[in-house]
Amino acid sequence: DRQTLVAVLQFLRRSNLRESEEILRREARLLGDDLGAAALSPAGTGLLGTPGGDADSTGGEALLSRVTAAATVAIGGSAAAVASSSPGVAAVAAVPPGKGGPRAGAAGSLAGAGGGTPGGWGGPSVGVEARIYPGLLGGEAEGVVVEDQPDVSAVLSAYNQQGDPTLYEEYYSGLKHFIECSLDCHRAELSQLFYPLFVHMYLELVYNQHESEAKSFFERFHGDQECYYQDDLRVLSSLTKKEHMKGNETMLDFRTSKFVLRISRDSYQLLKRHLQEKQNNQIWNIVQEHLYIDIFDGMPRSKQQIDAMVGSLAGEAKREANKAKVFFGLLKEPEFDVPLDDEDEEGENEEGKPKKKKPKKDSVGSKSKKQDPNAPPQNRIPLPELKDSDKLDKVMNMKEAARRVRLGPECLPSICFYTFLNAYQGLTAVDITDDSSMIVGGFADSTVRVWSVTPKKLRSVKTAADLSLIDKESDDVLERIMDEKTASELKILYGHSGPVYGTSFSPDRNYLLSCSEDGTVRLWSLQTFTCLVGYKGHNYPVWDTQFSPYGYYFVSGGHDRVARLWATDHYQPLRIFAGHLADVTCTRFHPNSNYIATGSADRTVRLWDVLNGNCVRIFTGHKGPIHSLAFSPNGRFLATGATDGRVLLWDIGHGLMVGELKGHTDTIYALRFSRDGEILASGSMDNTVRLWDAVKAFEDLETDDFTTATGHINLPENSQDLLLGTYMTKSTPVVHLHFTRRNLLLAAGAYSSQ
């Protein structure tokens, strides 16, 4: 096939293999005088025209993989030609290993897999032996043909290659027997193959309309799969006819994204040898077509190390996915003088200009003078200018911080629980302002309700006619514009036409965001308590939204599987973050606002770069949809909670899982770090709030290069020694948690009477 040939020639040229390129051109001319004629040759004979070509492949692919294979066999490190007596196999100059880097197709990086016998090759079987399947190169062959998400029909037609339907069970049980009898060290790694192979073999049977064989295959083997795939298997069992596969999203994802397995080279060699000896082409084809095997050198991983990392819809993350540099440090705070003592308070109220303070060693303002080496450049993304009111607020914040309680195992926070009683409208979202003065609830009856939690009531601005009468120069102009007649503890905002699933206050407390099943995100003014903008971009329910810590930007995520970054003054999104294979269920800004984390029903967490929209981290390990995210205040770590009742802790810089907190028995909907990051609070549907020792969880981390490279993570067996306390509510699932500026923990949820 002409395309393959052109691809191979380009690959050879890129890898500087001029001789091989010439030989290949000559080979191609055996079939026709030019490339055009070569492209017309029947698929059966392929480009090689060899009667002894491989049965399970078209000639073009065979040629491609032979060229790739031959290129990896380095003979004594020199570029000696590989002579071969097999008719039609090109003699190809070999590359010394290590030249051209891992991206140059398979060159150099798979020398082991290619054979690498010194001296010439003899015998006609050589062509088949040295064959390396591009699908198995685990990304090494990505340079040759890059395929993005293909369309449905193309995807499904991959299932056309027919094996004998009656032998599928035999193939599968043969492989199963081989894996179960292999050495313990390899068994855990190779067992990862069971699930993706099971799904693809089942789908292949269904697609080719062998319904009874498919049914018996499913019945016989579905019980062997890991328990965390139960939900996926339930969906799978309902696909029994070819027509069902056309519109099914879950299966399309499975089809279009290669399932990633991380396997050590030894285990991989073992598998490859077994499949080649058995001539088990059907399984080999699936491995080639649909799996991406990420091979690493070193010790195979143990069962528990693998179990910690697998479970997402598309397997693990490729190691490449977590290599990009992430600026996880904090931005430098603007400097201004902070009065810290009580007697300065009246000084602050004159014109709002704080007095100069005597320098104190431990004053909060002086902490951020040094630039964090891991921080992004200040101007990496444009952030809004600080207004005077923001500066005043920062001053207040610092004064509060000076009176903050230092938390720790010996000093746990008090918890104040806000229970929504008689919330028969169905409470679906909660948020609390940073200064803990207001609380908002989003409800299933499509209303948004805002309460004041301080004695100060909520007031709207006066009408335009009344405002024109006010003296704008007066000192208390901000007080005068408020209309006392509107004062009340509760304001109800009407506008959405479906349940409200997410709410978020802006840092300056002037605005409120809400997102709903109706597909819109609305921006409300907290001065007038009216809707200012409806942002329409999602076509389906929007599950979560959140303001940036600096205001102006906000993020939303929904059922359409993408997260969108918006700015309040643009009605179109600025960035669209696409990559998740299922709903984006929760979204969070990094404290420096340069990154966004999204959790999804595909059981992965992704970190996106706001600047260019790239995905810079993929974290796999949860066994259910993710419903809560929290960044540590220093920006280094991320905590995630899911329906599996586990809280997982991630080191963002190294892209590694560094902890697992077990204790909750139901979905975790709320996670928060205390203001200085000493304690992590988690709230769950099991009606408890749990406090964890974050300092201890993150100390003495093993983040050496080896761990980072292979993902050999060693989590402590027992997370109980990190658990500082469990606090039960009577019958109230915890929906939201918030630490006040002085480290009092506020929790919220709606009482459920069952």
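For all residues, glycine too, the Cβ spot is worked out from N, Cα and C.
Taken from TrEMBL, the feature compositional bias 'Acidic residues' covers 338-349.
Sequence annotations record features per position, and here TrEMBL assigns compositional bias 'Basic and acidic residues' to 361-372.
Per TrEMBL, domain 'TFIID subunit TAF5 NTD2' is recorded for 163-291.
Annotated region 'Disordered' per TrEMBL: 338-390, in sequence order.
The repeat 'WD' feature in TrEMBL is assigned to 420-461 (among others). Within the chain, the repeat 'WD' (420-461) has long-range Cβ neighbours (under 8 A, six or more residues past its boundaries) at 393, 396-397, 467, 481-484, 486-505, 507, 509, 512, 514, 516, 518, 524, 526-529, 735-736, 738, 740-741, 744, 746, 748-751.
Using DSSP to sort the residues of the repeat 'WD' (493-528) gives these counts of helix, strand and coil: 0 helix, 19 strand, 17 coil. Marked as repeat 'WD' by TrEMBL: 493-528 (among others).
A Cβ distance under 8 Å defines the sequence-distant neighbours of the repeat 'WD' (535-566), meaning residues of its chain 6+ beyond its ends; these are 383-384, 498, 501-508, 511, 513-523, 572-578, 580-589, 591, 593, 596, 598, 600, 608, 610. Taken from TrEMBL, the feature repeat 'WD' covers 535-566 (among others).
Listed by sequence, the residues of this chain that lie at least six past the ends of the repeat 'WD' (577-618) yet keep a Cβ under 8 A from its Cβ atoms are 250, 253, 257, 311-314, 317-318, 321-322, 324, 326-331, 375-376, 380-381, 383, 543-550, 553, 555-559, 561-565, 624-631, 633-635, 638, 640, 642, 650, 652, 655. As annotated by TrEMBL, repeat 'WD' applies to 577-618 (among others).
Residue counts for the repeat 'WD' (619-652) under DSSP, helix first, then strand, then coil, are 0 helix, 20 strand, 14 coil. Feature annotation from TrEMBL assigns repeat 'WD' to 619-652 (among others).
The helix, strand and coil residue counts that DSSP assigns across the repeat 'WD' (661-693) are 0 helix, 20 strand, 13 coil. According to TrEMBL, the feature repeat 'WD' maps to 661-693 (among others).
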Non-local residues, at least 6 beyond the ends, that sit with Cβ under 8 Å of the repeat 'WD' (619-652):
228, 231, 308-312, 315-317, 326, 328-330, 374, 582-583, 585-592, 597-601, 603-607, 658-673, 675-677, 680, 682, 684, 686, 692, 694, 697-698, 701, 703
Write out how many residues of the domain 'TFIID subunit TAF5 NTD2' (163-291) are helix, how many strand and how many coil, based on DSSP.
103 helix, 7 strand, 19 coil
